[in-house]
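Peer 1: Dumping what TrEMBL says about this protein:
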- 1-39: region 'Disordered' (REGION)
- 1-15: compositional bias 'Low complexity' (COMPBIAS)
- 64-90: transmembrane segment (TRANSMEM)
- 96-114: transmembrane segment (TRANSMEM)
- 135-156: transmembrane segment (TRANSMEM)
- 171-189: transmembrane segment (TRANSMEM)
- 267-287: transmembrane segment (TRANSMEM)
- 317-337: transmembrane segment (TRANSMEM)
- 349-371: transmembrane segment (TRANSMEM)
- 391-413: transmembrane segment (TRANSMEM)
- 505-525: transmembrane segment (TRANSMEM)
- 537-556: transmembrane segment (TRANSMEM)
Amino acid sequence: PTEAPPMATPEARAAGEAPAKENQVALGSEQTRAPASPAERSWLARHFSLLLRRDRQAQKAGQLFSGLLALNVVLLGGAFICSMLFNNVAVTLGDVWILLAALKVLSALWLLYYTAGTARRPQAVLQQDPHAGPVWVRGSLVLFGSCTICLNVFRVGYDVSHIRCKSQLELVFPAIEVVFISVQTWVLWKHCKDCVQIQTNFTRCGLMLTLATNLLLWLLAVSNDSMHHEIEAELSALMKKLSGNGTNTCLCLNVTMCEVFRKGYLMLYPFSTEYCLICCAVLFVMWKNVGRRLAPAAGAPPCAPSFHLHGAIFGPLLGLLVLVAGVCVFVLFQIQASGPAIALEYFTIYYAFYVATLPAMSLACLAGTAIHGLEERELDTFKNPTRSLDVVLLMGAALGQMGISYFSIVAIVATRPHELLNCLILAYSLLLILQHMAQNLFIIEGLHRRPLWEVAPESLAGKWEAEPPRRGSLLELGQDLRRASLAYIHSYSHLNWKRRALKEISLFLILCNITLWMMPAFGIHPEFENGLEKDFYGYRTWFTVVNFGLPLGVFYRMHSVGGLVEVYLGA
């Protein structure tokens, strides 16, 4: 027989229930108690937060120190260049070349160390910025770098042909620049997307030193007109010699080769300033990405669609019409420019083409901006350093042509505003300012709209979360997919005409900007050849204004093409 369990006495039951009640009360108080204060957090959490704060402080300190290093280098080089311009006896062009040669050697050594040492270490580059270094930027880097190398080759050839009256030391500086450009182009092509996580302070200082070197090379190219003066002096001496009045012995023996070197140098001169500007932009993005840790979603963005016309007709046709007309005007002007003087009617044709093209571009940009306002795509508010830099570069590069336009407006209004050519130049300057402003609005608005190929998966994911698919046959699954596709098409069908209009406008503007990029990039510049502004401001002042503004204008057109391609793909 089994024994019954012993019955607890009332006192024992009361004693056993008391701790249980205390535990329930304690548990309830823990559940209803307010969250722990920061002082009551665990030691590990406080230590981790302290490490994160120290890491952010160290990153900001490294950025500040490297920025100050670049600022001091630029100020020192700027002082040398200004002293050379205003006091050529105390500080000569050779002194400036020696300083820049030292900076080029240091920058090239750091670039080689970064490629062979820092980037190859484990845990050095765990992530890459997908938005940095698009194909068109790297292609422009290689194109303008190659043109700058050819420019230095022409410079060496010109100096060798005049070796009797030139120092052999002058041949060293172009050779150093060729080596520096080759190394820099290769490293930037290979590592422009890197987010370096080791040796961050040393990497930031190296990037800022290289950026300052490119900035000084750009400043020297903008302000130094010694080579142009030398070419003009040789041409005038050659004319005197042919007329029997010349006494200058420093003339080229092989006239044909010297003519090739001279034309090649003058044609490729703007590309060196373009190359320096692009390198500064790429180096700044790399500097911002040092020590940056990307979110998991940022490291693998959704796949963007490839570039297709998708039924666009009128935009490409009008753009091709502008492109063909621009090529014809460009060829006519270049043929005339190869002669001793450019006839007045060719200047008229050149500026008339711009006066006809710029209003159409401005109207297209304003229409595109209005369509952006009617769209229902969300604004992309995520932090994106590359897009922020794109906007800054777009606004900054527009200042080049706008500055030249304002100088031209003042010169024309103050002298002869009623002549036909001057009226065309005045209209060209005003329309160019308006077109830059309208195009900046259109591109910036388009870059800040979330692309449709990023919105669509999110909307479909929301529909599938709201209505999870039922288990069943493949036929039922296909019906569910069809319903989701029809719902997506119904949701975005009212945007079709807007998207189509944006694509037409983007393609038209892409072809127009390619045309307006080609004409000043590969030819003689009417802004300097028409003589109006040069007579009004003086040779050196107008030379500096044109060499400052034209490379920025070429860079603006090229940068606008990249932005318009992104706007087209986003639509």
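Backbone N, Cα and C atoms are what each Cβ position is placed from, and that goes for glycine too.
Heads up, TrEMBL stuff is auto-annotated, nobody curated it.
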Peer 1: Of the listed stretches (64-90, 96-114, 505-525, 537-556), which one yields the highest count of Cβ-Cβ distances below 8 Å with the transmembrane segment (267-287)?
Peer 2: 537-556
Peer 1: Looking at the stretches 64-90, 96-114, 317-337, 505-525, 537-556, which one shares the most CB pairs under 8 Å with the transmembrane segment (349-371)?
Peer 2: 505-525
Peer 1: Counting only residues 6 or more past its boundaries, what in the same chain has a CB within less than 8 Å of a CB in the transmembrane segment (171-189)?
Peer 2: 97, 100-101, 104-105, 107-108, 111-112, 114-115, 133, 138, 141-142, 145, 148-149, 152-153, 155-156, 159-160, 210, 213, 217, 275, 279, 282-283, 286
Peer 1: Where among 317-337, 391-413, 505-525 do we find the most Cβ pairs under 8 Å to the transmembrane segment (537-556)?
Peer 2: 391-413
Peer 1: Give the nonlocal contacts of the transmembrane segment (317-337) in its own chain as ranges (CB under 8 Å, at least six residues past its ends).
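Peer 2: Tertiary neighbours of the transmembrane segment (317-337) are 343, 346, 349-350, 353, 357, 360, 507-512, 514-516, 518-519, 522-524, 526, 529.
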